[in-house]
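I have a structure I would like to understand better, so I am pasting it below and will then ask my questions one at a time.
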Amino acid sequence: MVFSNSNASVSLFRLVALVATLSHLVFTFVDAHGYVTFPASRAYMCKQGQAKNCGEIQYEPQSVEAPKGLPFARKGDGQLCSAGLGQFSQLDRQGPSAWPTTKASGVHSFSWTFTAQHATTDFKYFITKANWDSSKTSGLSASDLESDPFLTVSMNGKAPPRTMNHDLSKAMPSRSGYHVVYAVWTVDNTANAFYQCLDLDFGGGNSSSSSSSSNSSATSTTGSSSAASAATSSTTSSSVSESGTASTASGSGSDDDSSSSGDSSNGSSSDNNGGSSGSTTMPKSQIAQSGACRMKKRRRSPNASVLAARGDYRRHKSQMRRDRQG
């Protein structure tokens, strides 16, 4: 009898464990659906830890499921990204710096990961209007979006594979700056759909204007620096050239000409250098003195015949001294 009770206890334990396992599988299946992995949706950004303060969505990015009809057939203004689900309200944060963005130039397809493959009607992709207010901080509204999807992928009731790419049949709509793509996965055999928001940077507009401005400013600064360097180089070259001219004038003219040339040269050099003496430029007083000294030295130097005569005279004088001593 004890043995029988023991078997009954074991059987009951196994039954409870089996029910718990089946319940877990059922709930996992019900909760598991899908999300956009590239370009990374807000939900996926939260799952990956690339976005912060996400709340519950970081644990179940696949679960943004709500009744069909968004963004236009039913009202959901300000709550489109969360699909009106209060537990995922963090997805409705809005603003150019509220979410990490993906460069639109690198987007040639949209990639989904499905944790449950439902029969599907289609996938549709909407984008914010070209003139939408990208600086707004209130949640995304239907009026922010183009009324027609720029991409529709029909499934005709078929279930997608575990992962699926939707290639762009043509280029992304022409945009500038920060924009949001609203992706809708419509399930065929239920009343629900899944919703994902993707943040893109098209460049050359709102989100990158400060960066462009900074780059432009940096370029301008670099250009100014280059111009300044070129001006300095030009000034230095000019100063050296003018100093050389002054020296030549000193060698071939009078002391007065040399001095005036030096004054003129150094006057220009001083003006070009903003009144400061450059390391490669001699002060005018030194140039004048140098020219005068060279001039005097050249005037006093005897020619070759004089030097030869002096040599002969010294040799003759030395010979006479030797003769007298002998």
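Cβ atoms are placed via backbone N, Cα and C, with glycine included.
Keep in mind it's a predicted model, so treat the numbers as computed, not measured.
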Just confirming the record: what cysteine out of Cys46, Cys197 does Swiss-Prot connect to Cys81 via a disulfide?
Cys197
Taking the Cβ of Cys81 (disulfide bond) as centre, how many other Cβ atoms lie within 10 Å?
31
